[in-house]
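Visitor: Below is the structure I would like to discuss, written out as structure tokens.
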Amino acid sequence: MENILHATPAHVSLPESFVFASDKVPPATKAVVSLPIIDLSCGRDEVRRSILEAGKELGFFQVVNHGVSKQVMRDMEGMCEQFFHLPAADKASLYSEERHKPNRLFSGATYDTGGEKYWRDCLRLACPFPVDDSINEWPDTPKGLRDVIEKFTSQTRDVGKELLRLLCEGMGIQADYFEGDLSGGNVILNINHYPSCPNPDKALGQPPHCDRNLITLLLPGAVNGLEVSYKGDWIKVDPAPNAFVVNFGQQLEVVTNGLLKSIEHRAMTNSALARTSVATFIMPTQECLIGPAKEFLSKENPPCYRTTMFRDFMRIYNVVKLGSSLNLTTNLKNVQKEI
């Protein structure tokens with residue numbers, strides 16, 4: 001627990017192990033960008049067209065009127081804030097540096113992949129459906145946390161699956177293509193906490209990376225910090241009220257043979273305010289074979305990616321070292337070559 005950032009006194013200066021060279025943390029453009037906002041209560045034809053257009057252009061978009069109630073969203077945000085303010089002793093049993101442990105509290109302070117560490121603490125939970133007895137493996141404090149997590153994850157999962165159906169309709173493939181093993185793995189919940197940082201210009205909450213799953217929904221919280229790679233620059237994201245920020249994972253890129261891209265993004269820190277966000281990852285099962293769908297292949301458009309078992313992809317992804325660009329995956333095709 002001594003590595004947990006939020007459990008230690010506020011730092012007056014940034015420890016050397018967290019300092020990145022300036023060329024590794026290029027500043028974002030000054031403009032703050034509002035990602036495309038898609039109202040899921042609009043007509044279905046309009047919604048699926050908007051999702052596909054936004055996905056092709058930026059790989060990121062926002063959804064509103066998505067079906068997750070404002071109360072559920074506020075309850076989740078409130079519970080997460082309370083969790084990170086609990087005394088260290090109440091969280092000690094959750095702390096683990098074992099990456100393969102499904103439910104754990106960990107810190108970027110223990111990651112030394114590229115020589116530097118990351119200014120983030122994270123509570124990661126595996127959420128199978130139906131939840132059943134798995135709920136007993138989640139934290140039970142603050143009181144009511146388990147029920148809030150179950151309700152939030154169930155509703156967010158439903159939104160993710162509906163977005164996948166809309167994408168299928170927009171691309172002209174079978175609407176239930178992503179049902180079953182492709183989206184049937186445990187939903188992974190990352191509750192990220194970025195404490196206030198004494199020198200945010202030289203630190204990273206998370207390095208540039210692409211998500212390894214199918215599709216991700218982010219509850220971004222009240223403090224901005226997400227930045228997205230776009231046309232060679234980093235753009236700051238200004239989330240809309242009560243919206244989820246959505247991005248495509250690498251498995252969606254593989255299935256669509258590159259039609260939809262998984263885009264690099266990073267998390268920055270703030271000198272005055274702590275930031276808490278909640279990422280919901282829709283995952284394939286570990287045994288799922290994932291490759292380009294035949295609907296996206298032709299003589300003129302051969303497969304760009306191999307068909308691999310998701311378990312093998314995850315195994316290689318977890319050991320890929322950071323390159324000079326700080327891209328955790330370096331290149332999706334290169335990761336596949338190692339399998």
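We count from 1, first residue shown onward.
Here the Cβ of each residue, glycine as well, is placed from N, Cα and C on the backbone.
Here's the feature list from Swiss-Prot:
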type: DOMAIN; residues: 184-284; note: domain 'Fe2OG dioxygenase'
type: BINDING; residues: His209, Asp211, His265; note: Fe cation binding site
type: BINDING; residues: Arg275; note: 2-oxoglutarate binding site
Visitor: Counting every protein chain present, what is the number of Cβ atoms, excluding its own, within 10 Å of the Cβ of His265 (Fe cation binding site)?
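Guide: Taking all protein chains shown, His265 (Fe cation binding site) has 25 Cβ neighbours within 10 Å.
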Visitor: Where does Arg275 (2-oxoglutarate binding site) sit in DSSP terms: helix, strand, or coil?
Guide: strand
Visitor: Indicate the candidate from His209, Arg275 with the smallest number of other Cβ atoms within 10 Å of its Cβ, considering only these binding-site residues.
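Guide: Lowest Cβ count within 10 Å among the binding-site residues (His209, Arg275) is His209.
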Visitor: Around the C-beta of Asp211 (Fe cation binding site), how many further C-beta atoms are within 10 angstroms, looking at every protein chain?
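Guide: Asp211 (Fe cation binding site) is surrounded by 23 other Cβ atoms within 10 Å.
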Visitor: For Arg275 (2-oxoglutarate binding site) and His209 (Fe cation binding site), determine the Cα separation and express it in whole Å.
Guide: 19
Visitor: How does the model score the domain 'Fe2OG dioxygenase' (184-284) in terms of mean pLDDT?
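Guide: Value for the domain 'Fe2OG dioxygenase' (184-284), mean pLDDT as a whole number: 95.
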Visitor: DSSP says what for the domain 'Fe2OG dioxygenase' (184-284): how many helix, strand, coil residues?
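Guide: Breakdown, helix to coil: 9 helix, 43 strand, 49 coil.
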